[in-house]
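Peer 1: Feature annotation from Swiss-Prot assigns topological domain 'Extracellular' to 1-41, 92-115, 177-212, 274-286; the stated evidence is sequence analysis. Under the heading N-linked glycosylation site, Swiss-Prot lists N21, citing sequence analysis as support. If you look up Swiss-Prot, you'll see 42-62, 71-91, 116-136, 156-176, 213-232, 253-273, 287-307 marked as transmembrane segment. Under the heading topological domain 'Cytoplasmic', Swiss-Prot lists 63-70, 137-155, 233-252, 308-331, citing sequence analysis as support. According to Swiss-Prot, the disulfide bond annotation covers C113-C205.
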Amino acid sequence: MCWTMPSPFTGSSTRNMESGNQSTVTEFIFTGFPQLQDGSLLYFFPLLFIYTFIIIDNLLIFSAVRLDTHLHNPMYNFISIFSFLEIWYTTATIPKMLSNLISEKKAISMTGCILQMYFFHSLENSEGILLTTMAIDRYVAICNPLRYQMIMTPRLCAQLSAGSCLFGFLILLPEIVMISTLPFCGPNQIHQIFCDLVPVLSLACTDTSMILIEDVIHAVTIIITFLIIALSYVRIVTVILRIPSSEGRQKAFSTCAGHLMVFPIFFGSVSLMYLRFSDTYPPVLDTAIALMFTVLAPFFNPIIYSLRNKDMNNAIKKLFCLQKVLNKPGG
């Protein structure tokens, strides 16, 4: 997903005249990382801890939902799919970040860069669409509870989950194919800590206006998903506030509290990353925003879904109890 779009001719017109004397770029160098002598190892271990936490916590959520029959309903099914996507979303960028933190040459191959962009943004797209599906699910459950079971059938839930992932990967494919055919003739320095669409496009030594059109389509898709989610939750909160008993309000709110927290974290981090009043930020601020977007937001999501949810907590406890039983001699 990419909301900020560089000018299609940024950096290309001047490089076109020079491209004949320059060799083709085969790798990109990241300039957003500190050097080893500047203490990059101090960043390595906290990032490794956060990545490990994200993977383990999301695996616990996914496994708990799959193994506990009490959680076999649309809401938890969507949460488990979201956790599964989060595992791969962070894996698309953080392992390479860790590698670059302990390497002298902080580089990535052209093919590796294109693949990282594709999987990172495709997974991000899938998560955004899945969050829209989750908002619609909560809308039906709270605003039309009598027909919920009839509307949100297991078959429909499976179709919505698969459709979210499929659409997320397909919508970016034409743009990535076009980027893979662009000539890059230097420079090859990406002013970021991972391969992102805007920094990479700015290095192309040709016209990128067709890709700009693709970005506009993506922006419209993102705005539509944001509006659907926002309007759904506005309606949900309105209905909850009309429930006469405080116990009923609390019970209804508890079923969507996690979604209400993840929604602003997800779209807030995306907005900070791509909705900019300036094309460039100071390097330190740019890196900090990128870390929040790629690391901190995924770090908080499983905490919200696991620690703040009683049913999920109980399912995870059962998972640990089952593991203890299986580890006993003769178990």
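Positions of Cβ are set from backbone N, Cα and C atoms, glycine also.
In terms of burial and nearby residues, how do these features look in this structure?
Peer 2: In terms of DSSP secondary structure, the topological domain 'Cytoplasmic' (63-70) contains 7 helix, 0 strand, 1 coil.
Counting same-chain residues at least six beyond the ends of the topological domain 'Extracellular' (92-115), those with a Cβ under 8 angstroms from any Cβ of the stretch are 25-31, 33-34, 36, 40-41, 43-44, 47-48, 50-51, 123, 176, 179-180, 184, 190, 193-195, 200, 294-295.
DSSP assigns C113 (disulfide bond) to a helix. Shown in sequence order, E27, F28, I190, C195, V200 are the residues of the chain, 6+ apart in sequence, with a C-beta less than 8 angstroms from the C-beta of C113 (disulfide bond).
Nonlocal intrachain contacts for the transmembrane segment (116-136), taken as residues 6+ away from its ends with a CB within less than 8 angstroms of a stretch CB, comprise 1-2, 75, 78-79, 81-82, 85-86, 88-89, 92-93, 96, 108, 160-161, 163-165, 167-169, 171-173, 176, 179, 194-197, 200, 218, 221-222, 225, 228-229, 232-233, 259, 262-263, 266-267, 270, 294.
Note on the topological domain 'Cytoplasmic' (137-155): DSSP counts are 16 helix, 0 strand, 3 coil.
Sequence-distant contacts of the transmembrane segment (156-176) (same chain, six or more residues past either end, CB-CB distance under 8 Å): 74, 77-78, 81, 85, 114, 117-118, 121-130, 132-133, 137, 197, 211, 214-215, 217-218, 221.
Computed over the topological domain 'Cytoplasmic' (233-252), the whole-number mean pLDDT of the model equals 89.
Counting residues 6+ beyond its ends, the transmembrane segment (253-273) has Cβ neighbours under 8 Å at 1, 3, 75, 79, 124, 127-128, 131, 134-135, 138, 141-142, 222, 226, 229-230, 233, 236, 240, 289-290, 292-293, 296-297, 300-301, 304-305, 308-310 in the same chain.
Long-range contacts of the transmembrane segment (287-307) within its own chain (CB-CB distance under 8 A, at least 6 residues past either end) are made by residues 32, 47, 50-51, 53-54, 57-58, 60-61, 79, 82-83, 86, 89-90, 93-94, 97, 120, 192-194, 196, 258, 261-262, 265-266, 269-270, 272-273, 281, 313, 316.
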Peer 1: Count the other Cβ atoms sitting within 10 Å of the Cβ of C205 (disulfide bond), across every protein chain shown.
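Peer 2: Other Cβ atoms within 10 Å of C205 (disulfide bond): 22.
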Peer 1: Do any residues of this chain, six or more beyond the ends of the topological domain 'Cytoplasmic' (137-155), have a C-beta under 8 angstroms from a C-beta of it, and if so which?
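Peer 2: The answer is 74-75, 78, 232-233, 235-236, 239-240, 252, 255-256, 259.
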